[in-house]
Amino acid sequence: MAVNLVLSFALAILISSSPTAVGVDATEELKEAVLTLDAGNFSEVVAKHPFIVVKFYAPWCGHCKQLAPEYEKAASILRKNELPVVLAKVDAYNERNKELKDKYGVYSYPTIKIMKNGGSDVRGYGGPREADGIVEYLKRQVGPASLKLESAEEAAHSVVDKGVILVGVFPEFAGMEYENFMVVAEKMRADYDFFHTSDASILPRGDQSVKGPIVRLFKPFDELFVDSEDFGKDALEKFIEVSGFPMVVTYDADPTNHKFLERYYSTPSSKAMLFVSFGDDRIESFKSQIHEAARKFSGNNISFLIGDVADADRVFQYFGLRESDVPLLFVIASTGKYLNPTMDPDQIIPWLKQYIVEYGNLTPYVKSEPIPKVNDQPVKVVVADNIDDIVFNSGKNVLLEFYAPWCGHCRKFALILEEIAVSLQDDQDIVIAKMDGTVNDIPTDFTVEGYPTIYFYSSSGNLLSYDGARTAEEIISFINENRGPKAGAAAAVDEKTQIDAVEEEVTSSSEPVKDEL
């Protein structure tokens, strides 16, 4: 069966089982450096602050736990400096706050949003995750959208090796070009730093004799700088988004790459991911070949990434990859997922060419737990590699639960599922089964947006989702109402129908026998 293709690496948080949080009284909100918000006080608090930063987190999230002390420290520094910036947090895993989670598009943890003008202007946070970096980033967000550069020293300090930087060069700070530059700077300031100058000679790269107006984009990758003279607002935004994105994204521990990774995994293009040890003697050859592949296949709607296996634990766990297969090239596309393990640098381009031209001849990769050697419990264990045998091709009526080990509702339902399985274990035409959706690819026949998700596949081939009460009585009733004929019964009926039809045809076509004596 085809599998769901996950093009966003940010894992969706599915069903909350946390206890309800206690609301924060508005008079008590200023006693802590980081304000605690929930559905009860969120709108009131956000509305009265011109600049508030909100962290959406989950109590169990490791990255949230790492960020928490840095976020608290940053809040304390900002308060002591009397900057008009407030830091707050929301437990987005709490069911009470689900509406806030959905409203602000929280699909991974932590997610940080900058809310200005009482919440009317909401933007993503694109800055560092340590206290000093958070403070400096937010200071820039409070100040002017673009800063004026007046010396080579200022330019060197602001531009060199500072990520993606935009500098507008203008003969005078007026006119349509300058105004549009400032509008775009205000709109995109959360993700990029903007500067302007009237003297291109102070800039560290590019033609220093230009008078402008031009926009020069500096970046620490690819061609290092790019110029544009198109000051239409839409054109300027597109120039920044395209030129400011690496030809090959790097997956490593560098926090400046986080925003590139988020965009990489959220775009609908196919993904080609090369994972290798950055300590490998051949690393420069691998980098050269993946960049050459990105140039060669730029028109094939493929986004490219190179990752250090030392920092890729989450990726490997999520996609079910093995470190023993490194160096590996992994492709995710609408047609499936494809893996080329233990490869050499000079195999990258030929294999990608084969994928593009002959992908139908490549065996798709499916993430699956091992098939259980023993599967004799009342609740059968289904994995990606045996779902066809147990569910689709068994000829039986199968109730299948998709669950996650961390899901509290799933743990409660496990007892009920066991009760159902024991009650029906003498019925040879019914199978009660479960599948861990976090470590197995789920066929596209199923829509799993939360855990637990329950489906029923009848012996006659009907697939139904179960949305009723999670009680043994209700589910058993649902199974009996929707079950198909017993295994072999349909075939027997078919065979008898065919025999009857043949007999009828023979009888009707035989000429009457005349008795002559």
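Cβ coordinates are placed from backbone N, Cα and C, and glycine is handled just like the others.
Per Swiss-Prot, the feature active site, nucleophile maps to CYS61 (among others); the stated evidence is similarity to another entry. Classification of CYS61 (active site, nucleophile) by DSSP places it in coil, neither helical nor stranded.
Residues annotated as active site, nucleophile in Swiss-Prot, with similarity to another entry given as evidence: CYS64 (among others).
Per Swiss-Prot, the feature active site, nucleophile maps to CYS407 (among others). Using a 10 Å Cβ-Cβ cutoff, CYS407 (active site, nucleophile) registers 20 neighbours.
For CYS410 (active site, nucleophile), applying a Cβ distance below 8 Å and a minimum sequence separation of six or more within one chain yields GLU401, TYR403, ALA404, TYR451, PRO452. In this structure, CYS410 (active site, nucleophile) is part of a helix by DSSP. Marked as active site, nucleophile by Swiss-Prot: CYS410 (among others).
Annotation comment: Swiss-Prot describes 24-143 as domain 'Thioredoxin 1'.
What Swiss-Prot records for 357-484 is domain 'Thioredoxin 2', and it gives sequence analysis as the kind of evidence. Taken residue by residue, the domain 'Thioredoxin 2' (357-484) breaks down under DSSP into 38 helix, 27 strand, 63 coil.
Taken from Swiss-Prot, the feature N-linked glycosylation site applies to ASN41 (among others). In three-state terms derived from DSSP, ASN41 (N-linked glycosylation site) belongs to neither a helical nor a strand segment and is classed as coil. Counting Cβ atoms from all protein chains shown, ASN41 (N-linked glycosylation site) has 18 others lying within 10 Å of its own Cβ.
Reduced to three states, the DSSP call for ASN301 (N-linked glycosylation site) is coil. In the structure as shown, the Cβ atom of ASN301 (N-linked glycosylation site) sits within 10 Å of 12 other Cβ atoms. Per Swiss-Prot, the feature N-linked glycosylation site maps to ASN301 (among others).
The motif 'Prevents secretion from ER' annotation in Swiss-Prot covers 514-517.
The signal peptide feature in Swiss-Prot is assigned to 1-23.
For GLY62 (among others), the entry in Swiss-Prot reads site 'Contributes to redox potential value', with the evidence type similarity to another entry. All protein chains included, GLY62 (site 'Contributes to redox potential value') registers 10 other Cβ atoms within 10 Å of its own Cβ.
There are 14 other Cβ atoms within 10 Å of the Cβ belonging to HIS63 (site 'Contributes to redox potential value'). What Swiss-Prot lists as site 'Contributes to redox potential value' is HIS63 (among others).
The site 'Lowers pKa of C-terminal Cys of first active site' annotation in Swiss-Prot covers ARG129 and is backed by similarity to another entry. Secondary structure at ARG129 (site 'Lowers pKa of C-terminal Cys of first active site'), taken from DSSP and collapsed to helix, strand or coil, is coil. Within the same chain, residues at least 6 positions away in sequence whose Cβ sits under 8 Å from that of ARG129 (site 'Lowers pKa of C-terminal Cys of first active site') are GLN66, LEU67, GLU70, PRO255, HIS258.
Neighbour density for GLY408 (site 'Contributes to redox potential value'): within 10 A of its CB lie 13 other CB atoms from the protein chains shown. If you look up Swiss-Prot, you'll see GLY408 (among others) marked as site 'Contributes to redox potential value'.
The Cβ neighbour count for HIS409 (site 'Contributes to redox potential value'), using a 10 Å radius and every protein chain shown, is 17. Among the features that Swiss-Prot reports, site 'Contributes to redox potential value' is placed at HIS409 (among others), with the record citing similarity to another entry.
Positions annotated as site 'Lowers pKa of C-terminal Cys of second active site' by Swiss-Prot: ARG470. A 10 Å cutoff on Cβ-Cβ distances gives ARG470 (site 'Lowers pKa of C-terminal Cys of second active site') a total of 16 other Cβ atoms nearby, all chains included.
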Candidates CYS61, CYS64: member of the active-site residues with the richest Cβ shell (10 Å): CYS64
Nearest of the recorded positions (ASN41, GLY408, HIS409) to HIS63 (site 'Contributes to redox potential value'), judged by Cα-Cα distance: GLY408
Model confidence over the domain 'Thioredoxin 1' (24-143) (mean pLDDT, whole number): 88
Distance from GLY408 (site 'Contributes to redox potential value') back to GLY62 (site 'Contributes to redox potential value'), taken between C-alpha atoms, in Å: 18
Spatial neighbour of CYS64 (active site, nucleophile) that is closest, considering only the recorded positions ASN41, ASN301, GLY408, HIS409, ARG470 and their CA atoms: GLY408
